[in-house]
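Below: one structure in structure tokens.
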DNA sequence: ATGGTTGCAAAGCCTTTGCAGGCAG
DNA sequence: CTGCCTGCAAAGGCTTTGCAACCAT
């Protein structure tokens, strides 16, 4: 599964005219292994350093920029100003949604596409051609409600 | 109308233990006069400087932070990493939505609360108590579709 | 050779903070 | 007098960029 995902990404890079260098592969592996988290560039850098100790922070930033451009990952920032990176599900047409707990800071993902009806409304009432969306709910998660 | 809005904000500041100083009033006025825009701190600063030429950028930042804390304005960032500030509609329980045009960069606001049903789903299926949300559609606006 | 890629350091941008002075109650 | 508020400059955090070296083709 992970093998397949990596190979698929390698192909996407080649199609975009990029090589999957060892540094880029290590970065992609970190993203795959932590796909449920929402890591910052710095966090990714520290994890990649374990696999590829000589990598520089700039390379990680450049790799993340390239992956974002290829729509392999999504760049998102929540309430703090820091960018976080999120692996796209294979074949996912739309970015998934998030639940941000204001109490503990946890970020939960929702895969369900809840916005089909809403998007139709927007397309019709505002004549806006929707290509993607960002939806985050702020609130209190189940754990913190006790 | 504007008078009323300013007075309402003055009251909210006092209730929060803050004074409406001339610098803060000038900043609030700029926010009211440009409530359809999504200004950055720097842009607000330049506009405030026209009314209150000696104001410092730091004061604008401190005022915006205070207004955000009092939920008089909302801080939001779109695809670039820059923070933008958006006046809350009086009595609005929820933050409004945005349509971001990837072609011309224009940001349109939607007041309609499109998420009532979706929020119910989230509350029920994920046992998450929703207090607010951020929803932005990315796409092509009506103008740019020609 | 050629052109993409890298690591390092420096620069850049946005935002926050320290501090001395100022103002209002 | 006291505490909040201000402007300035400096510092801070995150991200990007310039450059020489490197690598594979």
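Cβ atoms are placed via backbone N, Cα and C, with glycine included.
Sharing the features that TrEMBL gives for it:
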BINDING   A:101, A:104, A:141, A:144  Zn(2+) binding site
BINDING   A:133  Fe cation binding site
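Give me the lay of the land around each of these features.
Residue environment of residue A:144 (Zn(2+) binding site) contains 15 other Cβ atoms, counted within 10 Å of its Cβ in all protein chains.
Of all the Cβ atoms in the protein chains shown, 22 others lie within 10 Å of the Cβ of residue A:133 (Fe cation binding site). The secondary structure of residue A:133 (Fe cation binding site), as reduced to three states from DSSP, is extended strand.
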DSSP three-state call for residue A:101 (Zn(2+) binding site): helix, strand or coil?
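It is in a strand.
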Have a look around residue A:141 (Zn(2+) binding site) and count the other CB atoms within 10 A of its CB, chains all included.
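Neighbour count, Cβ to Cβ under the 10 Å cut-off: 20.
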Let me spell it out: for each of the binding-site residues (A:101, A:104), count the other Cβ atoms within 10 Å of that residue's Cβ, using every protein chain shown. Which one has the most?
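Within the set of binding-site residues, the most crowded position is A:101.
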Quick one: Cα separation, residue A:104 (Zn(2+) binding site) versus residue A:133 (Fe cation binding site), in Å?
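Residue A:104 (Zn(2+) binding site) to residue A:133 (Fe cation binding site), Cα-Cα distance: 25 Å.
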